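Chemist: According to TrEMBL, the record shows the following:
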- 1-20: region 'Disordered' (REGION)
- 27-47: transmembrane segment (TRANSMEM)
- 53-72: transmembrane segment (TRANSMEM)
- 84-103: transmembrane segment (TRANSMEM)
- 141-159: transmembrane segment (TRANSMEM)
- 165-186: transmembrane segment (TRANSMEM)
- 241-265: transmembrane segment (TRANSMEM)
- 369-390: transmembrane segment (TRANSMEM)
- 396-414: transmembrane segment (TRANSMEM)
Amino acid sequence: MRDYNNNDQSHGDVPSPKTATNSIKKVSMLPLVFLIFYEVSGGPFGAEGIVNAAGPLLALLGFVIFPFIWCIPEALITAEMSTMFPVNGGFVVWVSSALGPFWGFQVGWMKWLCGVIDNALYPVLFLDYLKSAIPVLSTGLPRVASILILTLLLTYLNYRGLTIVGWTAVLMGVFSMLPFAVMSLISIPKLQPSRWLVMDIGDVNWNLYLNTLFWNLNYWDSVSTLAGEVANPKQTLPKALCYGVIFVALSNFLPILSGTGAIPLNRELWTDGYLAEVAGTIGGGWLSLWVQAAAATSNMGMFVAEMSSDSFQLLGMAELGMLPEAFSKASGVLLLSGLSFQEIVAAENMLYCGGMVLEFAALPYKIPVGAVGSVLICVPPVVLICLVVVLSTFKVAVVSFVMVMVGFVMKPCLDHMDRMRWVTFSVSCDLPEFQKESQEMEESLLR
């Protein structure tokens with residue numbers, strides 16, 4: 001097995017990230033906030049299902065309470081660990097440092113699956129929002145061609161660099177959120193507060209409720225995978241995450257507040273895309289079209305942000321020697337078949353939960369809040385993770401289990417390929433010393 005102190009030169013060392021990116025402009029605060037916004041949420045698009053599942057009161061309470069039991073703890077952990085390890089790869093590096101490269105690979109595998117599932121969905125959702133205005137995009141060859149062209153264009157945007165992606169996310173985010181700011185203002189004279197209090201605790205779809213909340217308000221740790229590309233990450237990342245939590249929470253809460261308070265409630269109508277109709281009822285056809293265009297734009301923003309995160313995660317795993325060298329320059333898209341959209345979201349959430357459990361286990365309990373504070377931070381999200389898993393369907397559980405097992409088999413296979421020199425692995429000379437110690441520990445267990 002190679003020496004992680006660079007005594008073995010046959011694999012070809014990856015240039016130091018500090019040296020390789022020295023001439024590349026790093027991502028600043030504002031673009032980073034919008035990248036976080038799109039990695040986590042992208043706005044209230046898709047949040048309509050929470051009103052369908054539980055009614056206005058629980059929907060609004062969800063977007064108030066959930067940030068405290070999930071978003072803030074995860075953002076705090078991400079900020080703390082990203083400042084400890086300001087390198088590409090993020091959570092893969094954290095878990096590897098604490099639990100060894102096997103578990104580091106597993107968290108990378110599960111989170112990468114979540115990312116590529118998302119990226120497979122966004123171009124489709126983009127066309128779904130446009131097909132009412134352009135019917136030819138609904139089926140057949142025009143739809144397939146549009147998905148392919150859109151995917152290639154957005155992939156090329158990522159290829160041009162993270163700085164360009166960041167400022168593109170700023171423009172997309174401003175355009176996507178403005179119509180909801182306008183809708184909130186216009187709705188004020190029409191608001192009836194009594195509509196917000198509607199709740200039927202006996203008629204709540206808890207599975208849909210939790211999965212909708214989870215899908216719209218998670219992925220805070222995604223920004224850690226590109227920490228090496230951030231200007232002054234030890235100061236910029238914590239502030240960006242703080243602003244991101246506020247931005248994401250308000251971008252979901254205010255449209256639901258306006259929509260449920262300004263028009264009579266019909267829970268059955270609150271499905272994906274219904275906010276465009278709500279905007280039309282409140283402000284007219286022009287506002288409805290703006291929301292549709294904003295939804296399509298938001299899907300593009302989520303695609304480019306997610307692809308950036310996935311790409312730098314793979315880069316970090318390649319620099320750790322977990323993946324062949326080719327993965328430092330490549331990404332991929334995974335398509336799931338046989339599942340509905342809600343089942344895909346549920347499977348994605350379960351995989352994400354598995355990764356988060358490993359991240360919580362890797363959290364150093366000597367951080368400023370102390371051991372007790374660290375445990376208290378982790379307890380609410382762990383309880384939520386258990387609820388998501390318990391409420392999942394058998395079909396979703398089986399699909400998620402199979403995906404996890406693939407990762408368990410893949411790591412030993414890649415290690416064998418490395419020992420046999422069938423593929424080229426590289427390790428960045430700029431990575432922390434923990435990698436050598438962790439690899440030697442894993443190797444001793446295999447003997």
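Using N, Cα and C of the backbone, Cβ positions are placed for all residues, glycine too.
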Chemist: Can we call the transmembrane segment (53-72) and the transmembrane segment (241-265) in contact, meaning three or more C-beta pairs below 8 angstroms at a sequence separation of 6+?
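Modeler: In this chain the transmembrane segment (53-72) contacts the transmembrane segment (241-265) - 3 or more Cβ pairs sit under 8 Å.
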Chemist: Does the structure show the transmembrane segment (165-186) and the transmembrane segment (27-47) touching, where I'm treating 3 or more Cβ pairs under 8 angstroms (sequence separation 6 or more) as a contact?
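Modeler: Taking Cβ pairs at least 6 residues apart, the transmembrane segment (27-47) and the transmembrane segment (165-186) are in contact, with 3 or more under 8 Å.
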Chemist: Within this structure, do the transmembrane segment (27-47) and the transmembrane segment (241-265) have 3 or more Cβ pairs under 8 angstroms, counting pairs 6 or more apart in sequence?
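Modeler: Judged by the Cβ rule, the two regions touch, with the required three close pairs present.
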